[in-house]
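According to TrEMBL, the transmembrane segment annotation covers B:12-29, B:49-71, B:91-109, B:155-174, B:205-224, B:256-275, B:281-304.
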Amino acid sequence: MDKMPKWADVVLIPVISLILAAILSALVILGIGEDPVEAVNLMVTGALGSTYGWGYTLYYATNFMFTGLAVAVAFHARLFNIGGEGQAMLGGLGVAMVCLYVPWPHWSLALLGACAGAMIFGAAWAAIPAYLQAKRGSHIVITTIMFNFIAAAVLNYMLVNVMRPEGSMDPASERFPEAVHLPTLHELLAPIGISFSKAAPANISLLVAMLACVVVWALIWRTKLGYEIRAYGHSETGALYAGISPVKITMIAMLISGALAGLMATNNVMGEAERLVLNSTEGAGFIGIAVALMGRSHPFGVFLAAILFGFLYQGGAELALWTSIPRELIVVIQALVILFTGALDNMVRTPLEKMFLAMRKGKA
Amino acid sequence: MDFLTIIQVLDSTVRLATPLLLACLAGLYSERAGIFDIGLEGKMLMAAFFSAAVAAVSGSVWLGLLAGIASSLVLSGLHGLASITFRGNQLISGVAINFLAAGMTVLIAQDWFKQGGRTPSLFAGGRFEPINFPFAEALSGVPILGPIYSELLSGHSILVYLAFLAVPGTWWVLYRTRFGLRLRAVGENPAAVDTAGVSVVGLRYAAVAICGVLCGIAGAYLATALQAGFVKDMTAGRGFIALAALIFAKWRPWQAMWACLLFGLLQAIALRFQNIDLGGVVIPVQVMDALPYILTVVILAGFVGKAIPPRAGGEPYVKER
């Protein structure tokens, strides 16, 4: 018998964790001499009060959906992929190559090409740690961390020595041609009569991210492969007994994870910057960890958590603009969310389980 | 490349290896006791900030060091709480600690000093000064041995010597004391330790606390000896290089020292010569940056001797009932 009803596990625990994180964040804001209520007001108006705010919130959310899904898929196979950051960086490299070196006639084809490039590069970057985990038992957490640093060095090298246009001091690639410009939400919504901010970077890759959520959901819960991934995640020996190959599942789960992380580049590199710059990922790969934990590794949960973190990011930028609270407040909130939903999960869970058990005994 | 250049590169190798070594030994205690710690980076960063902040305000570098150790210990306590008491995921806890430190240091720095997330520069008294060995000045003229004595061995801050003394110290604690035996046992087979009537929880907390103290010293060294003050994200991945060194050394103290010196040398070379020209083949600086990580992956892959972590590492211990 389950200790807790399912809704408590899915909804109550993340919500309580979030409230705990929010209370501590409020204390931090109080501690540096600002008013938490005022801060929340500013964040809400800044991130959700205008289509400009929404445009940024959704832009960040798109990044976090991809990286959150990447971490979530790996979690299902009980693999902890900290390498989303590096995989997204390499995805950016893939997107930049596809956009710069292929003459695309139309953005829609370019988007398909960029998706393929991003997925291949992201998956390739995840493939080596996956292979080492599957075949040689090297701990995937350590190897993916190392690969993040190696990815940063690779990107640095490519931008400084290979892709930088002649005469430019800036370590960045050339601007992508006009033909691969992805339509922003403004351009998408204007024909159907909805006016959306022109300046905001949210673009069509938001739809790609939402599609990815649906595809991942179908993959994990509606296919044989998804069943095998979950079975392997629940019990390696059980899966082995059922004839599921650990090597195959580890490889496939990590390749999918890396491809999803890589896909993020369609948003930040192709959709927003329209060229490849250093540190284009801005830590989104790591936020994916918080998003996946918060969303309980379910694509719909990831979708909601990504929007929440998109709101926090845009709200945090507004706070930094109007108050003396630096942007790093968001990093603290992110840390607290990871702490409560991930590491201190049992602290929240155990008392709740006891409470539900007591209630059930009371009824019976 | 003349002899003096080599001495200078080795000298900066020692300086750059020191924080790595302290953090690496910190991780060694924790991981040998079965608690994975990828939060070394965060603890160092927190300690770097608080040591610089307190040293700047009080003017005493020793108070700064204490504050650094204390702040690192707080994060260690959090890691212990999450991974020992509540049996949470140690890796996730480490990730959270890294972010907590990255965010809190800038937040508090901005609130206290209003200098864009840094502390004021530290002057005399607020920094660890180099210690000059006796006759260092007089002997520097002696060929070969003179520069080695006066440049390479003499003239470092006390924390450098402390870090290198901690290597035999750690070896002795780990392999020659009862505490060390139990510490290693709790990382391999906690159930056996428990059966022998020794507290698994107590031992693991002790290991995590030692880890906190060493990370605290490492952070304080960064901000008050290697540099003069705290700047945002000043650890710059050193916690992860230390982790890499720990794996490279296969969780053993002497080897940890050599690994840290090797990685320190790579940093020193990258700092001094941007791109290296080896007879026509140019090695770009990015290769030097990435080399510690690449070497670690190669070691982890088991192509050059397999690195096997402590058996109970990462597993919370659940007492049988």
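Cβ atoms are placed via backbone N, Cα and C, with glycine included.
Through the fold, the transmembrane segment (B:205-224) approaches residues 18-19, 22-23, 25-27, 29-30, 32-33, 35, 37, 40, 43-52, 55, 61, 64-65, 68-77, 79-80, 84, 119, 122, 126-128, 157, 159-160, 162-163, 166, 179, 183, 186, 230, 234-235, 238-239, 242 of its own chain, all at least 6 residues removed from its boundaries and within a Cβ separation under 8 Å. Within the same chain, residues 11, 14-15, 18, 21-22, 25, 28-29, 32, 128-133, 136, 180, 183-184, 214, 217-218, 220-221, 225, 253-254, 256-257 sit at least 6 positions outside the transmembrane segment (B:155-174) and bring their C-beta atoms closer than 8 Å to a C-beta of that stretch. Under 8 Å from some Cβ of the transmembrane segment (B:49-71) lie the Cβ atoms of residues 105, 108-109, 112-113, 119-120, 122, 125-128, 212-213, 216-217, 219-220, 223-224, 229-230, all in the same chain and six or more residues away from its ends.
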